[in-house]
């Protein structure tokens, strides 16, 4: 199989997908031998994990609607399902970044706050707004098919940008999760971005283009923000980027799917 400038054997593809499922979800998987391939090499497959998380949310949404629940409760249950599936991995990053960037005065202090497991006012507000916006968008969708398209597109595309972020920004600390993952190659970053962009076609041509433009603007802004605040990226900033990207795609989906 050949991805953009990235040739992998079938075994490597399976290894990379499995590694991303293990890292980005809490789904029960058997013990696997990844044969030395780390997250930096496998990050192109992150959209596959996102697609699966989106499918889980969509199935819960459709099941709830089938049993007569209104769109609001169905959307809430779908959100709960996706959060459980990921173990709040990205939400944790969002709250840590909000606390660190909002409360720290120096680069070192910001990184210290981000490492602290306690949540502050900035982090709590960021989490609340993230959940509120996502719930509101999903609750306004008119049927489970729209929920399926929106969730799959948002979860896949929001993970497709992560490899590029890791490629373009150096680790902000030498001992963090991101530093331990290693360097992401340009080929791997491109492969992940392309794979993550494909499900955006579920939003129609106009929706896909709008989502790509918005994702590009958010990516550039967050890239500049992280450089300014901490001089690079960490696992928390990667999680925060996923969250804001997911929200962006959901907002585009709410317009594209209703027109």
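Glycine is no exception: its Cβ is also placed from the backbone N, Cα and C atoms.
Given the ranges 67-87, 88-108, the record in Swiss-Prot names 67-87 as transmembrane segment. If one looks beyond the transmembrane segment (119-139) by at least 6 residues along the same chain, the residues whose Cβ comes under 8 Å of a Cβ in the stretch are 61, 71-72, 74-76, 78-79, 91, 94-99, 101-103, 113, 147, 150-151, 243, 246-247, 250-251, 253-254. Count of Cβ pairs under 8 Å against the transmembrane segment (179-199): among 41-61, 67-87, 148-168, the largest is for 148-168.
Counting same-chain residues at least six beyond the ends of the transmembrane segment (200-220), those with a Cβ under 8 angstroms from any Cβ of the stretch are 149-150, 152-153, 157, 161, 164-165, 241, 244-245, 248-249, 251-253, 255-257.
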